[in-house]
Amino acid sequence: MVPINDADEEKMEVAVPETAHQISSDSWFQAGFVLTTGINSAYVLGYSGTIMVPLGWIGGVVGLIAATAISLYANCLIAKLHEFGGKRHIRYRDLAGFIYGRKAYALTWALQYVNLFMINVGFIILAGQALKAFYVLFSDDHVMKLPYFIAIAGVVCALFAISIPHLSALRIWLGFSTVFSLVYIIVAFILSLRDGVKKPADYSIPGSSTSKIFTTIGASANLVFAFNTGMLPEIQATVRQPVVKNMLKALYFQFTAGVLPMYAVTFIGYWAYGSSTSTYLLNSVNGPIWIKAVANISAFLQTVIALHIFASPMYEYLDTKYGITGSALNIKNLSFRIGVRGGYLAITTLISAMLPFLGDFMSLTGAVSTFPLTFILANHMYLVAKKTKLNTLQRLWHWLNVCFFGCMSLAAAVAALRLIAVDSKNYNLFADL
């Protein structure tokens, strides 16, 4: 018999609960659309201002292309480990726990939920900004402030979360999401192009020498935030067999056809408005009121759908823990979703309204969770899982990634916290930005 050491015994003690949600039922194409919905969410309307403005043309273009390549690589590493050890790991924490043990299970769980919570805070802010942008097209009385619109957005997101029991149930809503994304991306692209040909833009990077250092580091966190979900195993859990092969197809779709709309609107926005580009591009464009109104409502509706994707791991955990299975319209299940999901989104909405600094939250999310989850953990897990199959050069490569992204994570966290501190001094809580 092969002896079992303490580390192996600890791994065996990690319990992997069943799930109350549907798994192994979706095609790779549906998973690809889920991923593409995330990458082309209304967040893309902010990348001209939060990535290109602090980095400029050279840094922004090179950075986006490099972030695309390294994000595809890191996500492929995670996808290939989905059936490691002869079993499916349907949650990120399950995979980390199987490879490392109980402590890593808990740490990964904490990192992931912090990551998803902050992404959802950003989505609520975005939804509120879209509603406010729609409102000011027709009224300039300033009676309605951004926090009010954020509250409205939170209520709508809660109603949607109560109505859709699990990730696989989105189905037709993914089609609607794609249409909404195309609407605001096409409108933003055409109106930016029209504005850009009228007058040249200033592409100088704003700020003092010191502030440029921090904004550049913060923008690097925004780069990785743009491409990564932090919940790849949960999405892969919905994919039917062969699960690794199908997930790789979904990732190739995401990082080829899926990134093109994001590239287009990010580059055209910066080309048109330069360093004055807003962190919500539809606030910068000029054009017919009805077209801008349609674009803003589309951004709002797409954000509601996208938030549900990123909140689904939390819903899955709670539904599984409390045995919420069977018909979605069962009184017990419906009441549970109203109370629990409504409560979760109420807290998210409150934080969003208190600190509506979208670019800062993107930077902080990238720093404290996207870097560790997608790059540091992915490379190290692959290193541990495949250690007997990797040569010396391959092991060095993975260790280089772990060390480099560890340093980047630390630097980006400091930069993001500084940005939030500066903005908090300049604005009150519940600011109307």
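Using the three backbone atoms N, Cα and C, a Cβ is placed for every residue, glycine included.
Predicted, not measured: the structure shown is a model, and the values here were computed from it.
Quick look at what TrEMBL annotates:
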- 26-416: domain 'Amino acid transporter transmembrane' (DOMAIN)
- 57-83: transmembrane segment (TRANSMEM)
- 104-126: transmembrane segment (TRANSMEM)
- 146-165: transmembrane segment (TRANSMEM)
- 172-193: transmembrane segment (TRANSMEM)
- 213-231: transmembrane segment (TRANSMEM)
- 251-273: transmembrane segment (TRANSMEM)
- 293-318: transmembrane segment (TRANSMEM)
- 338-358: transmembrane segment (TRANSMEM)
- 364-384: transmembrane segment (TRANSMEM)
- 396-421: transmembrane segment (TRANSMEM)
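Non-local neighbours of the transmembrane segment (213-231) in the same chain are 35, 38-39, 43-44, 47, 50-51, 54-55, 59-60, 63-64, 66-68, 70-72, 74-75, 92, 112, 115-116, 119, 207, 255, 259, 262, 309-310, 312-313, 359-360, 362-367, 369-371, 373-375, 408, 411-412, 414-416, 418-419; each lies 6+ residues outside the stretch with a CB under 8 Å from one of its CB atoms.
At the 8 Å Cβ threshold, with sequence separation of at least 6, the transmembrane segment (104-126) lacks contact with the transmembrane segment (172-193), having fewer than 3 such pairs.
Proximity of the transmembrane segment (293-318) to the transmembrane segment (338-358) is established through 3 or more Cβ-Cβ distances under 8 Å for residue pairs spaced 6 or more apart. At the 8 Å Cβ threshold, with sequence separation of at least 6, the transmembrane segment (364-384) lacks contact with the transmembrane segment (172-193), having fewer than 3 such pairs. Among the recorded stretches 146-165, 172-193, 251-273, 338-358, the one sharing the largest number of Cβ pairs closer than 8 Å with the transmembrane segment (57-83) is 251-273.
With a cut-off of 8 Å between Cβ atoms, the residues of this chain six or more beyond the transmembrane segment (338-358) that come close are 46, 50, 117, 120-122, 124-126, 128-129, 146-147, 150-151, 153-154, 157-158, 161-162, 279-280, 311, 314-315, 318, 419-420, 423-424, 427, 429-431, 433. For the transmembrane segment (146-165), the residues of the chain that approach it from at least six positions outside its boundaries are 21, 123-125, 127-129, 131-132, 135, 173, 300, 303-305, 307-308, 311, 315, 319, 328, 333-334, 337-338, 341-342, 345-346, 348-349, 352-353, 356, 430-433, judged by C-beta separation under 8 angstroms.
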